[in-house]
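The next block holds one structure in the form of structure tokens; read it before the comments.
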């Protein structure tokens with residue numbers, strides 16, 4: 001009798017498990033179909049002056065959430081439950097790696113000081129402004145108890161920008177300085193925000209002991225430097241292995257697989273050692289594009305270039321699609337339904353602080369940077385400053401993920417103050433992405449009139465997919481430009497007047513003499529039949 005009862009219970013459990021698995025399969029089918037829809041609709045709206053792929057995915061997510069909400073009779077609005085692991089372990093690495101892999105290194109490092117000022121120092125200023133503002137205003141809004149670490153975490157969460165809408169409109173060829181600044185600041189800003197958030201989470205900020213502040217600063221610097229070093233070392237290791245063993249003479253599949261796995265390994269190692277995976281995988285991408293990419297066969301270069309771009313594109317679309325659906329999650333809005341005015345006040349306050357936090361460093365730092373530039377061609381014009389300020393107003397996936405990390409447990413919210421912060425984050429992300437994103441292209445056209453392009457340039461551009469056009473074809477040009485020799489600095493005065501260019505020349509000499517012979521790269525890969533160096537001399 002007992003055996004029969006246990007067997008029946010086991011069969012019932014197996015049925016429930018199979019039903020649950022089938023529901024997951026149905027959810028994934030719908031989600032993949034929605035991703036395909038986003039790609040098709042985004043292609044049809046390619047020439048639209050208002051829409052872009054991020055906004056398209058967000059709107060489709062919202063519409064899908066409404067349909068699911070109606071079909072479930074108000075019980076749920078999304079197909080998948082938010083998972084921090086899904087975001088940080090699977091979706092974010094390909095996006096950040098591709099950003100480092102596709103960056104035009106010469107422009108990035110030529111403006112490295114400016115990018116670091118905006119991306120690192122500017123993020124700290126923005127975090128300080130937002131944290132101070134929420135401490136002053138939230139106490140009057142009666143949202144509940146939040147401690148000092150919560151306020152600082154809110155500053156780090158809303159200091160993280162999402163400049164993807166601006167980058168989709170800017171041209172790297174027409175405005176190389178502006179594109180480089182917006183692109184570089186966006187990546188460094190994300191890394192700095194995550195490092196800052198982790199430092200806040202691991203520090204005891206309840207006491208006012210001065211040693212706590214020193215420990216916090218030390219933790220931040222350690223995370224920043226160690227993460228960068230790990231990314232560089234992993235990238236160099238991949239270059240050395242592929243150069244020495246040269247898998248391409250037997251199988252191009254192996255070298256492609258090794259590049260992809262080594263890129264992902266850098267991120268996982270950073271998470272293993274409690275470092276910043278964003279910073280690690282970004283610099284790993286830069287190093288791999290400078291060395292490893294030149295050590296593989298021509299077919300592998302094309303494959304990896306498109307593979308990394310495709311993975312990044314799908315991950316970005318996935319994130320915006322999910323954010324749109326999760327915006328209507330009933331569980332989170334139930335906490336604020338009794339006092340909607342409080343939620344509106346919190347969201348409005350955060351939006352104003354985001355505007356103020358950006359302005360607090362973009363315009364003052366641009367003024368100081370312009371003072372150090374002798375040529376007016378290198379100045380950041382006021383119109384460009386406005387675009388840099390505007391590009392950083394949008395909040396996206398990183399802010400959402402950090403907010404979930406701080407104010408939820410396994411995707412669920414239990415406390416009213418935490419629910420208000422989650423719904424306010426969703427509101428800010430939706431408003432900034434929709435409103436600012438829709439106005440980005442008209443604003444850029446107003447402030448930066450594009451010169452008329454020649455018909456040949458236009459035809460070649462129109463026949464090239466966006467994933468190839470921006471800016472993956474920059475590796476070869478950059479490498480060749482880096483090899484062009486110039487007169488070296490002859491005095492300390494030149495080092496002081498043009499530090500960036502002087503350091504660039506010194507690095508180029510060191511790279512040619514010591515790094516490339518060991519780790520490969522254009523011009524130093526040993527000749528092997530079928531290798532990248534086997535080229536037609538004519």
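Each residue, glycine too, has its Cβ placed from N, Cα and C.
Copied from TrEMBL, the annotated features are:
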TRANSMEM  23-45  transmembrane segment
DOMAIN    32-444  domain 'Cation/H+ exchanger transmembrane'
TRANSMEM  57-74  transmembrane segment
TRANSMEM  86-103  transmembrane segment
TRANSMEM  115-139  transmembrane segment
TRANSMEM  177-200  transmembrane segment
TRANSMEM  220-242  transmembrane segment
TRANSMEM  254-270  transmembrane segment
TRANSMEM  306-325  transmembrane segment
TRANSMEM  345-365  transmembrane segment
TRANSMEM  386-407  transmembrane segment
TRANSMEM  419-440  transmembrane segment
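The transmembrane segment (345-365) makes no contact with the transmembrane segment (177-200), as judged by fewer than three Cβ pairs under 8 Å among residues 6 or more apart in sequence.
Segment contact holds for the transmembrane segment (177-200) and the transmembrane segment (115-139), given three or more CB pairs below 8 angstroms at sequence separation of 6 or more. Proximity of distant same-chain residues to the transmembrane segment (386-407), defined by a Cβ-Cβ separation under 8 Å and at least 6 residues beyond the stretch ends, is recorded for 54, 82, 84, 87-88, 91-92, 118, 150, 153, 156-158, 160-167, 170, 178, 181-182, 185-186, 189-190, 193-194, 197, 201, 316, 319-320, 323, 326, 354-355, 358-359, 362-363, 366, 380, 413, 418-419, 421-422, 425-426, 428-429, 432-433, 436-437, 440, 443-444, 447-448. Counted over residue pairs 6 or more apart, the CB atoms of the transmembrane segment (419-440) and the transmembrane segment (254-270) come under 8 Å in fewer than three pairs, which marks the two as apart. Counting only same-chain residues 6+ beyond the ends of the transmembrane segment (86-103), those with a CB under 8 A from a CB of the stretch are 80, 183-184, 186-187, 190-191, 263-264, 267-268, 271, 277-278, 281-286, 288-289, 293, 308-309, 311-312, 315-316, 318-319, 397-398, 401, 470-472, 474. The highest tally of CB pairs under 8 A with the transmembrane segment (57-74), across 23-45, 254-270, 306-325, is held by 306-325. Within its own chain, the transmembrane segment (306-325) has Cβ neighbours under 8 Å at 31, 34-35, 38-39, 42, 53-54, 57-65, 68, 77-80, 82, 87, 90-92, 94-95, 97-99, 101-102, 164, 256, 260, 263, 396-397, 400, 426, 429-430, 433, 467-468, 472, counting only residues six or more beyond its boundaries.
Within its own chain, the transmembrane segment (254-270) has Cβ neighbours under 8 Å at 89, 93, 96-97, 101, 227, 230-231, 234-235, 237-238, 241-242, 247-248, 276-277, 279-281, 284-285, 288, 292-293, 296-297, 300, 303-304, 307-308, counting only residues six or more beyond its boundaries.
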